[in-house]
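I have placed the structure first, in the form of structure tokens, so that the comments after it can refer back to it.
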Amino acid sequence: MTTSPVLTVPHHPLLLHKLSLMRDVQTGVKEFRELAAEVSLLLAYEAMRDLETEPVTLTTPLATAAFPMLSGKKLALVAILRAGLVMTDSIVRLVPAAKVGHIGMYRDPETLSPVAYYSKLPADIAERRVFLTDPMLATGGSAVAAIENLKAAGAQSIKLMSILAVPEGVKRVHDAHPDVEIVAAALDDGLNDHGYIMPGLGDAGDRIYGTK
Ligand code: PRP
Ligand code: URA
């Protein structure tokens, strides 16, 4: 595992194998979507490692004893549309009591700046730990704008989960929001002239939804 105060990359063989399959141009829509959901679960395992627990007394078929159960702040999963949706849809199965928010945003292909078109967040987001999902952290423009939106709504504790990140995006998020930790399955080399992650996996939204 590579960990800095800013970025955690778990380096788990299962995660890396599934990510390699996602990168393969031969991987079709159905498999890509399933892989994105599985990778998201493995990322959530890492991103939620510091959730608080408290001992709760339970009776097993053989004994009564105290066992750890989740405690502390409740959770919110927030997807950056479209591509982040596959991540929240998957992760909510692990944490079914989490509320789910959506931020609609696409990247202008010319300027690479994010264009916001929708936001619907849990009303009590200030009291929740927020896990923001977007598979691709490229220039970082979308993530920074989404985090601004979350903070304007009162969010105090935000972690960003991405499948792929590049140093440019990590730096941009960290410069703008040093309190936000990032968990990513891999840190790729950088961006090409069109703002795509290299070697990357292509356009995540198009590959998840079969558009293009
Ligand atoms: C992609 C991706 C991120 C964004 C990352 O979304 O899902 O949201 O680009 O790029 P950035 O870090 O440079 O901002 P896209 O604009 O393709 O929208 P989509 O999810 O609707 O396809
Ligand atoms: N958005 C994507 O979907 N892929 C990239 O490589 C960069 C931004």
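Just so it is clear, glycine is given a Cβ too, placed from its N, Cα and C backbone atoms.
Any TrEMBL annotation is an automated prediction that lacks curation.
Taken straight from TrEMBL:
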| type | residues | note |
| --- | --- | --- |
| BINDING | ARG82, ARG107, ASP134, PRO135, MET136, LEU137, ALA138, THR139, GLY140, GLY141, SER142, ASP203 | 5-phospho-alpha-D-ribose 1-diphosphate binding site |
| BINDING | ILE197, GLY202, ASP203, ALA204 | uracil binding site |
| DOMAIN | 9-211 | domain 'Phosphoribosyltransferase' |
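Location within the structure of each feature annotated in TrEMBL.
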residue : record                                              : Cβ contacts under 8 Å, 6 or more apart
ARG82   : 5-phospho-alpha-D-ribose 1-diphosphate binding site : TYR106, GLY205, ILE208, TYR209
ASP134  : 5-phospho-alpha-D-ribose 1-diphosphate binding site : ALA79, ILE80, ALA83, GLY84, MET87, SER142, ALA143, ALA146, LEU160, MET161, SER162
MET136  : 5-phospho-alpha-D-ribose 1-diphosphate binding site : ALA83, SER162, ILE163, LEU164, ILE197, GLY200, ALA204
ALA138  : 5-phospho-alpha-D-ribose 1-diphosphate binding site : ARG107, LEU112, VAL166, GLU168, GLY169, LEU191, GLY195, TYR196, ILE197
GLY140  : 5-phospho-alpha-D-ribose 1-diphosphate binding site : GLU168, GLY169, VAL170, LYS171, ARG172, VAL173, ALA176
GLY202  : uracil binding site                                 : VAL25, TYR196
ASP203  : uracil binding site                                 : TYR196, LYS212
Secondary structure of ILE197 (uracil binding site) (DSSP, helix/strand/coil): strand
Cβ under 6 Å from ligand 2: qualifying binding-site residues of ALA138, GLY140, ALA204: ALA138, ALA204
Site of maximum Cβ density within 10 Å, from binding-site residues ILE197, ALA204: ILE197
Annotated binding-site residues GLY140, ILE197, GLY202, filtered by Cβ under 6 Å to ligand 1: GLY140
ILE197, GLY202, ASP203, ALA204 excluded, remaining Cβ within 8 Å of their centroid (uracil): PRO135, MET136, LEU164, TYR196, GLY200, LEU201, GLY205, ASP206, ARG207
Where SER142 (5-phospho-alpha-D-ribose 1-diphosphate binding site) falls in three-state DSSP terms: helix
Other CB atoms within 10 A, centred on SER142 (5-phospho-alpha-D-ribose 1-diphosphate binding site): 25
